[in-house]
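Pulled from Swiss-Prot, these are the features on record:
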type	residues	note
BINDING	Gly8, Arg9, Ser10, Gly11, Ser12, Gly13, Lys14, Ser15	ATP binding site
BINDING	Asp60, Ala61, Arg62, Asn63	GTP binding site
Amino acid sequence: MRLIIVSGRSGSGKSTALDVLEDSGFYCIDNLPAGVLPQLAENALINTELLQPKVAVSIDARNLPSHLMRFPELLEEARARHIQCDVLYLDADEEVLLKRFSETRRRHPLTNANRSLAEAIRVESDLLGPIADLADLKIDTTNLNLYQLRDSIKLRLLNQPEPGTAFLVESFGFKRGMPVDADLVFDVRCLPNPYWKPELREHSGLDQPVIDYLAAQPDVEDMYNDISSYLLKWLPRFAASNRAYVTIAIGCTGGHHRSVYITERLGRQLQQTLKNVQVRHRDL
């Protein structure tokens, strides 16, 4: 049986995540009281009507604070039943959350006459801290639209051909912010930039003219070899430590040329030695 626990601050995309999981065959429960998590796992195991026992639940700040504090204990009880439990935590920058609530005109569940929206968001962070600390996968939705979030959830949670650590190699541009859910970040902004070549500016690191240009640069080759050697040595250690998800982020200025080129090469090389390696270009 597989149980996915979805949590995160209000406005970060939990409802979208549940919709994606429901469309993928999961039995979904919104706003589950955290205290009944072990019983839910037990009941799902013995329910013979679940031909494909896949369950997803959301747990949010509307829970009793005492239950949220006990989340580590409750999760351990569920996992003791030999269930694959994945904790997905969604979040976004506070300014983005404020903007989303302003645009939708929805009420935050923790606001009241004496607590502003900004204060409610900060209180929510504290309440959900025990869940965030135990998240197997964190997705920062700050720069994601609805469709990108759906694709990200499918890529990270559902497209794992084999069990074991799921690795994501992701390119990004620093001008749009560094991905907060990255475990390892490599900055390649010191490399020659195709952007300053007029004939290459409109191409990306996926296009042959940019590939040929970067492949001919000695510094690019040195950087690639150093990053590759580091990852080939240490990523198997991450897998051996029972990490469920590892994100490797490669950043350049705009996320179109250098980081894309390096990410594509790294992805192909890592796929030769590791299982469950996926490649994503955040800013293309």
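Each residue, glycine too, has its Cβ placed from N, Cα and C.
Here the features listed in Swiss-Prot are placed on the structure.
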residue : record           : Cβ within 10 Å
Gly8    : ATP binding site : 26
Arg9    : ATP binding site : 26
Ser10   : ATP binding site : 23
Gly11   : ATP binding site : 25
Ser12   : ATP binding site : 26
Gly13   : ATP binding site : 24
Lys14   : ATP binding site : 22
Asp60   : GTP binding site : 23
Arg62   : GTP binding site : 13
Asn63   : GTP binding site : 21
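Same-chain residues at least 6 positions away in sequence with a Cβ under 8 Å from that of Ser15 (ATP binding site) are, in sequence order, Asp30, Ser58.
Same-chain residues that are not part of Gly8, Arg9, Ser10, Gly11, Ser12, Gly13, Lys14, Ser15 yet have a Cβ within 8 Å of the Cβ center of the ATP site turn out to be Asp60, Leu90, Asp91, Ala92, Leu97, Thr141. Non-local contacts of Ala61 (GTP binding site) by the CB criterion (under 8 A, 6+ apart in sequence, same chain) comprise Arg9, Ser10, Leu68, Pro109, Leu110, Val123, Glu124, Leu127, Leu128. Annotation note: Ser15 (ATP binding site) sits in a helical segment as assigned by DSSP. Near Asp60 (GTP binding site), with the C-alpha within 10 Å of its C-alpha, lie none of the binding-site residues Gly11, Ser12, Gly13.
Spacing of Gly13 (ATP binding site) relative to Asn63 (GTP binding site) is 18 Å (Cα to Cα, whole number). Here the Cα atom of Arg62 (GTP binding site) is found 12 Å from that of Gly8 (ATP binding site).
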